[in-house]
């Protein structure tokens, strides 16, 4: 018995020594002291650490929206701050939400937007400007020509908009002035004060290019996009407008005009791009004298010759000017000046059917009556939209519901024409907000 007890004790001792040896070997392989955080817990902290904010460099990230960052990008590929080429400055000006301030955008890259508002056009004008600010990227300067009685209210309303929007534009208020002829006669020509647009090249002498719109215009995509059409001008073109009608044989000018007009159907001046520098420097052919005349010196004699024959005021005068100078006009598609005439007799704007409406022109007073409820629904949706709300939830979805109530009208039967561009614009704005402000996952 004693021998067996000794053998058992020796066996237990040997097992204890072997166990100690194994524990010692394991300790050498894993020297982490107790209490050190486990590696799997530390790794996500490194993976999701905030990316240092760098000044944007557009030429290093063309088309960055929707693109994933590469895994473990080498430091040498990071964009260097403060070295953008001159060609990339325009891209910097166009991107909303960038860390770079809009105030640093060079003035020559600003969009200049002009409007003339008299009488009861205050609300319409503010809604138009709101649509421009909601969707556009580049900084804008608003040139608002209005009566003295309306100036304080314009200034008050625009300054009440949120800072996130007011930083995107500056506004200037101008009196209604006509440099030649009888001011009262010009003021009463067609709509109140509309003839003011004819004198913009002489008044805005420090502005190179300009987009003029009527008060009843709404932008359904960034103003930047129509501004780009200036680049498509050839060496002789100095203004751009859309046709008055897409089907000449049923158009107004081709059937009723008693004066010369551009092309086969005339042009509509409710949305008008102008290269003011070229207009100021051009001698225009005319029906008054054999020699060319400068823009400003041509206006009064032209009006005096044709005033008994014109119906649509300043628009008729513009048609007469470009009848004699067709090489000076660039004609853009009807989607950039979409009016009730394009759908109330059946859809006849093919570009809008393909691309969607880009600029809506609610002439005939359709924003304020029940004749074209589709146009009125869009106007009210933008007018009533709270600036800081979600565009989809507070504008787009309610707009879809309103359109269901307009299907009994010819314009209401094609809701996709009205919604296509505004949906694309909202989606793009949402994606840019997420990518720029939230940032892509750098390790995904």
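Numbers here mean position along the shown chain, with the first residue as 1.
Including glycine, each Cβ sits where the backbone N, Cα and C put it.
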Per Swiss-Prot, which of 5-25, 26-46 is transmembrane segment? 5-25
Which residue among 234, 275 does Swiss-Prot mark as N-linked glycosylation site? 275
Test of understanding: give the count of other CB atoms lying within 10 angstroms of the CB of residue 275 (N-linked glycosylation site). 21
In three-state DSSP terms, the structure that residue 275 (N-linked glycosylation site) belongs to: strand
